[in-house]
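Undergrad: Take a look at this one; I'll ask things after.
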Amino acid sequence: MSSAHFNRGPAYGLSAEVKNKLAQKYDHQQEQELREWIEGVTGRRIGNNFMDGLKDGIILCEFINKLQPGSVKKVNESTQNWHQLENIGNFIKAITKYGVKPHDIFEANDLFENTNHTQVQSTLLALASMAKTKGNKVNVGVKYAEKQERKFEPEKLREGRNIIGLQMGTNKFASQQGMTAYGTRRHLYDPKLGTDQPLDQATISLQMGTNKGASQAGMTAPGTKRQIFEPGLGMEHCDTLNVSLQMGSNKGASQRGMTVYGLPRQVYDPKYCLTPEYPELGEPAHNHHPHNYYNSA
């Protein structure tokens, strides 16, 4: 079987764009660091082309055997393609047992067919990090953080349920305590009075503000008839021509005595005439009859 059978042809279109983007992520400085590390451990020269020197899998198998003796039982020195692929497969299995995560490991074709050298480099960096974690002196990669396990007694765990974490905020200021669901009935009362049951709905809680100033007391639904009068006079409901003092001042210009548009108006002075009277038909307009409301005497 010839080696040309395993080599892919040039990529075109979208495949070429993907291959170029992967090639742009390749770090040549890290390649030099990996070269020095592998050559220092194995004692073998990789060659001018880093990936071509690793393609047969021989150096990779010897490398993992140095880090973890006995990882690869047999290293194939043959130049046959399937032997080289077998070496790469044995290396992948060995580093998996060594502790490298599966998502950090390249596939055999990424190296053998030159499809993704960036992933091969990432795998070697992950292997360096794992070797550093295990105590090997490596100048490449970063050391993985060690687990810091903590064991708590069941009583401590139960006590933690009664504590409000700072991430939940504070309960010392204004809150939604006492709020009910939208549309449900609310009972308003002053909890300082010491009453167990809420009072009637006409009682306004001090938490809702004061009802000593202007309010909407006596307001009716839109469109209904309104009876306006002065409750301080002790009178019952008067006609709608009298305006209550709660509606403002009636000493200046006002709409006092105004009626609905189109209705007759009764105009008189309440200081002199308690009830309005109208002149009879044919009677002079300016006589001094007692019931005449034009009389100003």
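These residue numbers are counts, starting from 1, taken along the chain as shown.
Including glycine, each Cβ sits where the backbone N, Cα and C put it.
As annotated in Swiss-Prot:
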- 28-131: domain 'Calponin-homology (CH)' (DOMAIN)
- Thr170: phosphothreonine (MOD_RES)
- Ser175: phosphoserine (MOD_RES)
- Thr180: phosphothreonine (MOD_RES)
- Thr184: phosphothreonine (MOD_RES)
- Thr259: phosphothreonine (MOD_RES)
- 164-189: repeat 'Calponin-like 1' (REPEAT)
- 204-229: repeat 'Calponin-like 2' (REPEAT)
- 243-268: repeat 'Calponin-like 3' (REPEAT)
Undergrad: Average pLDDT across the repeat 'Calponin-like 1' (164-189)?
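TA: A mean pLDDT of 67 is what the predicted model shows over the repeat 'Calponin-like 1' (164-189).
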Undergrad: Sort the residues of the domain 'Calponin-homology (CH)' (28-131) into helix, strand and coil with DSSP and give the three counts.
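TA: Across the domain 'Calponin-homology (CH)' (28-131), DSSP assigns the residues as follows: 71 helix, 0 strand, 33 coil.
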